[in-house]
Ligand code: GLU
C-alpha cells in the first residue's frame, strides 16, 4: 500500500492510546487471528473488499507479528438455515469476529448466534431495527438518521409538495420522517411504488400529469439511471423538476445525459470518491487484488484497470469495519491476554473476550473512509457527517454537509447556483406566452410573409431579445388564446390568460405590459420590474371655451380685486385725512391776494377719490399734492398702480392668447361624483382587479358603478377602450395604465390623460412558480436598466416609432406658453405690503408736519401748545369744509381776546404757512 493510501483509514484513536498507556503490558496475541466473513452469493465486491482490507492491515503491521486470516463463507441471501450452519462452522474453527452478511434475513440469525456465543458481529448493511443485539455493531448509519437528513433536505429546498417513488418497503422506512410530517400542512406528499420490471414510464407520466415537480426517488443504485432516463424521455427532467435520490452511491451512476437537463438532482453520500486517499486506494486496488489473489488462490477476479465502480458505500464501510476491529483488538491486546477459542453452537461455552472486544469497538473513534466512526452505547453510529451533492454541468459536486447535530449546512452560494442556471439556459428554447398590446407587442407590418418570432415586434420583443442575448437562450413566441392577461375567477379559483398558460405549464415565460400584483405573485414568479406606472384616466380632450364677456377680470383673482378696491378706498381716505392734517395742503385760493381771509384744501373726499382713481387708471388728474406726507401717499399709490397695472396687462395678454380648455372631470373623484360620463377598464386586467379589491370609498363607489353599468363598461382590449372613448364624444372615460395612456395620447390628439395616478405599480416578466430562471432574468433586467437600455427602448417605441410625437402637448397647443392662470394674492401680495408701509410713513410725516405747525403757532401767539393742538384737531376732525380762515394775530382780532369761539365760528385766528404775510 502506498504512503497516503490508507493513511487516513488509520484514524487516530484517542481512546486506544489512552487505554494503551494506562493498562499494564499484556502477553502477546496469537500469531494468527482468524476473522470470519459471511457474504451473500454473488457479492464478490464485498468479499474482495474484506480481503483487501485484511491484507492491508496485515501489511501495516498494526499488531506487530500477529496477522489476520480470513475465513470466508458464501451463503444464499435468503437461506437462514445455511447461514446458521456456516456460522457454526466459523465459530467451530475459532474466529475472533464475524463480518456480514448483507442480507437482512440471514444476518438476523447470524447475529443471534454471535450474541449467544459472545462473538462480536460486525455489519455494514442497511438495518432499520431500532435495537441491536449486544454483540453487534453496524457501521451503516441508522435509517432514522438518514430519514431525518432527507427531511432536512426537503425543508432546505422549501418543497411544499413532493412525490416519493419507492421500490420496496425499505424505502418507506428510509423516508419515514417525511411520512410522519410534524406539521400536516408543511407539505403534501404522494407516494408511488415503482413497478416491477424496467418500464417506469406510465408511472412517471402519472406523476407528470399530477403536476408534481419534486420527486424523491428511492430505489437500488442500479435502477436510478433507468428511472432518470425514462423520466427524461417523458419530459420530466426539465429545469422545473427536482429530484432527491436516496441512493448513497450516486457517483456510480452515469449522469452525463442529465448534466445539462437543468433538473436539480440532489443526493447524500458518506464517501467522497474524489478524496485523495480514495484515489490512491483505487490506484493500488488492482495491485492489492492481485496480491490477495496470489495468496488466497480461490479464484477472485482480477481487476485490470482503474475503476471506481467497486467503490460503494458498503465497500468503504467494510474497509472501515476491518480497521475498527483491528484497533479494538489492539486495545484488547493491551489490556489482557487474548486467546481465541473454538466454540460449538450447541455448547454452553462463550468466548471470554467477546464482551471486552465489542466494548472496545464501541469506544474507538476512527476517521475512516466514511468519515468519523463512533458508536453510542447501543452500537449505533453517531456524529457522522454526510455530504450533500448536486448534479450540475460539472458533474456531481458537493454543495453542503449534513449532520444530525447541525442539520443541513448548504454551502452553495446564490452566485454558484445562478451560474449553473445560466449555463443550463444556454441554447435552451423557452416558450414565451404573450398578449398583444401596442407598443409592447404588435404584429409587424411587412410586405414579405413573415414566420415565427419574426412576425412580432414591439418594446417587449426588443427587451426579450436583449435578455436572451445576455443569457444566451432562444425563445418561441406564442400568442395567448383570447389575448387575456390573466385574472383569477374568485369562485372557481381558476386563472385565465397568460397566467393560466404558465400555471398549466404550456409556457415558461409570459411577457407584455403584465402588471405585478399580489394575487399573481402568489401563483407565478415575477422578475424585477422593467417599467413603473399607475392607473390613470383616458378621456376626450377638453373643448376650447369661447371667451366670456367678463374675461377682462380673469387676470386677477377675485381676492386681488377685493384687495385692490380696499386699497383704493383706504388710500383715498388716508389722503383726505392727511391733507387735512398737514398745514401745507391749505392753500391761498387766490394767489393774487396776498392776504386772503381763508385757505383752501384741494383734497376734499371726492377729490381724493378722483385723484386715486385717476392714478390707478394711469390717467392722472389736475390735483397735485403739496405736502411731503401727501406726496408720499401719492408716490406710493403710483408705485402700487404701476406694479398692479403692469401685472394685469401682462396677464391679460396671456389670457387673451390662451384659449381656455375646460374638462368636465379633473380627477377620479369627479368621475365618482357624477353619472353622466360612464367609465370602465379592461375586463381581465389588474386595473379591473384594483377597483374590485379596493377599499377606498371613492374607488368602491367607482367599482359599484362600473360593475352595475348596463351595457358593460368593461372592454376586451385597450384598443377597444380607446375606440370607445373616441366614439363616445366625452361620454366615456377609460381607466388605463399611465404608460399606455402616454403612448395613446402621443398618437390620438383628441385624447388626453385626466388627473394623476391612482396607484403605483410595475410591469415584470412572469415565469412559472419557483422557476429556476427568475433570478437570472431579473439580473439581466437590472443590467439593462443600469445601462439605460430599457429607457432607450421606451423612447424608441413611444416617441420615435409608429407615429410618435404626432400630437402637440397642452403647452405647445398654447403656443409655447403654459396655460394662463389668474394672479392671486401670493403673486402680488408684496406690492400691497409696500403700499401699506408707504401709508404708514406718510402718516408719520403728516403728524410731524402738524405738530411743527402747532408748535409754531403756540410759540408765535404765546398760546399753550395743548390749546393749539386741541383747537386744530377739533377743526380737522370736524371733517367739514375745505376752506379754513386765515389765522390773525391775537392783537389783530378783537374777538380773539374772548378766545371763546374761534373754532366755533368761521373766524380763524392763526396764520397758515401758506398765507402771505
Ligand atoms: N397591465 C394590465 C395587466 O397586466 C392590463 C391592463 C389593465 O388592466 O389596465 O393585467
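Indices start at 1 and increase along the chain as displayed.
Every residue, even glycine, has its Cβ placed from backbone N, Cα and C.
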TrEMBL annotation (transmembrane segment) - matching range among 803-827, 828-852, 853-877: 828-852
TrEMBL L-glutamate site partner of 515, 520, 737, selected from 582, 684, 687, 787: 687
Listed range which TrEMBL flags as transmembrane segment, given the options 593-614, 615-636, 637-658: 637-658
Stated TrEMBL location of transmembrane segment, expressed as one of 540-559, 560-579, 660-679, 700-719: 560-579
Inter-residue C-alpha distance, residue 687 (L-glutamate binding site) and residue 488 (site 'Interaction with the cone snail toxin Con-ikot-ikot') (nearest angstrom): 13
Those recorded positions in 515, 665, 687, 737 whose CB falls under 6 A of ligand 1, listed in sequence order: 515, 687, 737
Surrounding residues of the transmembrane segment (828-852) on its own chain - C-beta under 8 Å, 6+ positions past either end: 556, 560, 563, 567, 570-571, 574, 578, 581-584, 627-630, 632-633, 635-637, 639-640, 643-644, 647, 869, 872
Candidate nearest residue 515 (L-glutamate binding site) in space, where candidates are the recorded positions 665, 692, 749, 807 and distance is Cα-Cα: 692
Distance in Å spanning the most remote Cα pair of 515, 520, 687, 737, given for L-glutamate: 17
When distances run from the Cα of residue 807 (disulfide bond) to each of the recorded positions 488, 520, 692, 737, the nearest one: 737
Within 10 angstroms of residue 520 (L-glutamate binding site), Cα basis - recorded positions out of 488, 692, 749: 488
Additional residues surrounding L-glutamate, by Cβ distance to the 515, 520, 687, 737 centre under 8 Å: 485, 513, 514, 516, 517, 685, 686, 689, 690, 761, 763
Integer mean pLDDT for the domain 'Ionotropic glutamate receptor C-terminal' (429-800): 92
Spatially closest candidate among 692, 737, 749, the listed recorded positions, to residue 488 (site 'Interaction with the cone snail toxin Con-ikot-ikot') (Cα to Cα): 692
